[in-house]
Amino acid sequence: MNRIAVLGGANMDLVVRQPRPANPGETLIGSGFLTVPGGKGLNQAVAATRLGASVDFLGAVGTDAYGSALRALLDREGIRTSGLATVPGATGTAHIAVVDSGENSIVVVPAANAAVTGLSEVQRAAIAGATHLLLQCELPVGVLVEGVAAARAAGAFTVFTPAPVVPLPDGFLAGVDLVVPNRLESEALTGESDPVRAAAVLSADGTWAIVTLGAEGCVVAFDGIVLGLAPARPVRAVDTTAAGDTFVGALVARLAARSGQTRGAGSGTATGSGSSSGTSAGAAAGAAVAAGTSAGTAVASSAGAAAGAAVAAGTSAGTAVASSAGAAAGAAVAAGTSAGTAVAPSAGAAVRAPAVSEAEMIDAVRWATVASSLSVTRPGATSSMPTLAEVTAILS
């Protein structure tokens, strides 16, 4: 069975509901208070587990009541905790303000999370046995660097959520397989305010990038080329806390479930998002892209194929996709689309073959979109995360 290791933060979320954001010096009357397990790492671990994944959680909690509660939650969810250390002092906390529209702002106090200064042998063994590794920025950066190196040595697919935004070592992002920032995080990492351009930049060294946009969906890119905009599922949001973590956990759970299956990339196989793939100019030129879809994409593996790709007019992300700098330069994209963007790899960068096919990634994005849409319709972080049965019922 494929295994996911999550190297990340575990916090107790202290959630206050309020009518609107408070101004400096202002006191507001709140309408509710919740204390619920959280932390980006813990949230992603729970989300993946509820969607059928086998998960190890690697991190630390304190010796206080919050630490005991978080460990108990992980045990109840069936998440392995041999890599969860207990350190003297307080457990991490997140202070979350949720306004009536459902949007939130968060202040994190790392506490025990900051005590993880290096990987233990148990944690290294868990990563060595994993097919996928999830990381965020709630642990010290040095630990993240160790985790990525261990995952690369094990051949694991590495997924990085750059939140909260912290300074990263040069080359760190090029070492991960998929980076999943939100709009603000993508701008902080790239300096690009346009999320489409940011996704292209983040993926330019042969990696995947998915920039999440809340109710607007997400932008998906690979190897410097934007594949398209995947729309969000319309729902009435009650609480967006952990929606992004649910998205990532669900995405990787689906990738893990499909890992090892026969892949359709390069075979001209149509995907459920209006995408088709071909490995020659003729295949790409003749690719049929579903008109009116939000992610209509023709994928080619050479400059000639990309230049000849036929992309359905009128789609919001009509983009011809190529796998090299030369192909990117010659790619023909639908005029006027918001995602007609290509970025060549940096000089000397090694262009990796994707660890997952386009069809697999688009499928996983669909699952993640449904899971995150369900999570925002009910309050709480881990308590709001959907089960495999709930997501399957919508997609079946």
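Quick reminder: no glycine exception, Cβ is built from N, Cα and C everywhere.
Positions annotated as domain 'Carbohydrate kinase PfkB' by TrEMBL: 1-282. Here the domain 'Carbohydrate kinase PfkB' (1-282) has a mean pLDDT of 91 out of 100.
Around the Cβ of Asn11 (substrate binding site), a 10 Å sphere holds 33 further Cβ atoms from the protein chains shown. The substrate binding site annotation in TrEMBL covers Asn11, Met12, Asp13, Gly39, Lys40, Gly41, Leu42, Asn43, Glu138, Asp245.
What TrEMBL lists as ATP binding site is Asn182, Thr212, Leu213, Gly214, Ala215, Glu216, Gly217, Gly244, Asp245. Secondary structure at Asn182 (ATP binding site), as computed by DSSP, is strand. Non-local neighbourhood of Asn182 (ATP binding site): Ala163, Val211, Thr212, Leu213, Gly214, Gly244, each in the same chain, at least six residues away, with C-beta under 8 Å from its C-beta.
If you look up TrEMBL, you'll see Asp239, Thr241, Ser375, Arg378, Gly380, Ser384 marked as K(+) binding site. Proximity of Asp239 (K(+) binding site) to non-local residues of its own chain (separation of 6 or more, Cβ distance below 8 Å) is seen for Val98, Gly102, Asn104, Val376, Arg378, Pro379, Gly380, Ser384, given in sequence order.
Contacts of Asp245 (ATP binding site) defined by a Cβ separation under 8 A and a same-chain sequence distance of 6+ are given as Lys40, Asn43, Gln44, Ala47, Thr161, Ala381, in order along the sequence. DSSP assigns Asp245 (ATP binding site) to a helix in the three-state reduction. As annotated by TrEMBL, active site, proton acceptor applies to Asp245.
In the three-state DSSP scheme, Leu42 (substrate binding site) is classed as helix. Asn11 (substrate binding site) carries a strand DSSP state (E or B). Of the binding-site residues Leu42, Leu213, Ala215, Leu42 has the largest number of other Cβ atoms within 10 Å of its own Cβ. Comparing CA positions across the binding-site residues Ala215, Gly217, Thr241, Ser375, the one lying closest to Leu42 (substrate binding site) turns out to be Thr241. The sparsest Cβ neighbourhood within 10 Å, among the listed binding-site residues (Asp13, Glu138), is found at Asp13.
Summarising the environment of Ser375 (K(+) binding site), the number of other Cβ atoms within 10 Å of its Cβ, over all protein chains shown, is 31.
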